[in-house]
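**Q** Got a structure for you, written out below as structure tokens; questions coming shortly.
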């Protein structure tokens, strides 16, 4: 079966995006892994699938699959690409699009200069809803990871995140700590591991080891999680620039009970066809 797709990225976090509104396509985990292979397939961090709305109050349903074939609840960089894709492909003429995901609903707004703002919803700190094994909600948790003890914050942005504040991001062994945190027993559904260096109350540096994908050039939901945790711990103000290896995102959050907003760029790389 031949399918049409687009290759897109948000700050180097790259995606294969497929319109399943006008195409009838089923992706098995094995097929996704083949397509994600950077030597034998298309190559991507995540596959994004555009489906007809499940809910009459939304415009589309948004599905996300990691390179290992697992389906996940959320992808912030992908959401920005999703908004640009449906407009670019003529699936909508709206500049503000409502979508449902495995985690809930989101509002995506096309801005000028290929920027998209995403209402990421209200950060969730209740351990059972992340999910994270803890007796009660804390701003900071102590965890044993391998031979080390870390101090971290946990939050769900529709998907689970663990954020550790570090003194120097360049000296942080993300390749070792990332997978240990991702598969830590206190996270029954695994977790995205973020490592944040606070530059000022309005700027941080961040690296993210993503669940099922490894370290990526950028992680939108990870940037949101880092700011939410940093704000809750009293380290950050309401508006923060998050510098990732792939570029910058701008996050705005007014505190608990409020929706968090992410703004960042989108790039369309190419369109293609492939036999599935």
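The backbone N, Cα and C atoms fix where each Cβ goes, and this holds for glycine too.
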**Q** Record says 13, 46, 76, 77, 159, 192, 210, 211, 220, 221 bind substrate. Source is Swiss-Prot. Which of 4, 66, 202 does it list for that same site?
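**A** My reading of Swiss-Prot gives 66 as the candidate in that site.
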**Q** I'd like to confirm something. Which of the recorded positions, 13, 75, 77, 192, 211, has a Cα closest to the Cα of residue 270 (site 'Important for dimerization')?
**A** 13
**Q** Between the Cα atoms of residue 75 (active site, proton donor) and residue 211 (substrate binding site), what distance do you get, rounded to the nearest Å?
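**A** With distance taken Cα to Cα, residue 211 (substrate binding site) is 11 Å from residue 75 (active site, proton donor).
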**Q** What whole-number Å value do you get for the CA-CA distance of residue 211 (substrate binding site) and residue 219 (active site, proton acceptor)?
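**A** Cα to Cα, residue 211 (substrate binding site) and residue 219 (active site, proton acceptor) are separated by 11 Å.
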**Q** Which whole number of Å gives the largest C-alpha distance between any two of 13, 46, 66, 76, 77, 159, 192, 210, 211, 220, 221, the residues noted as binding substrate?
**A** 17
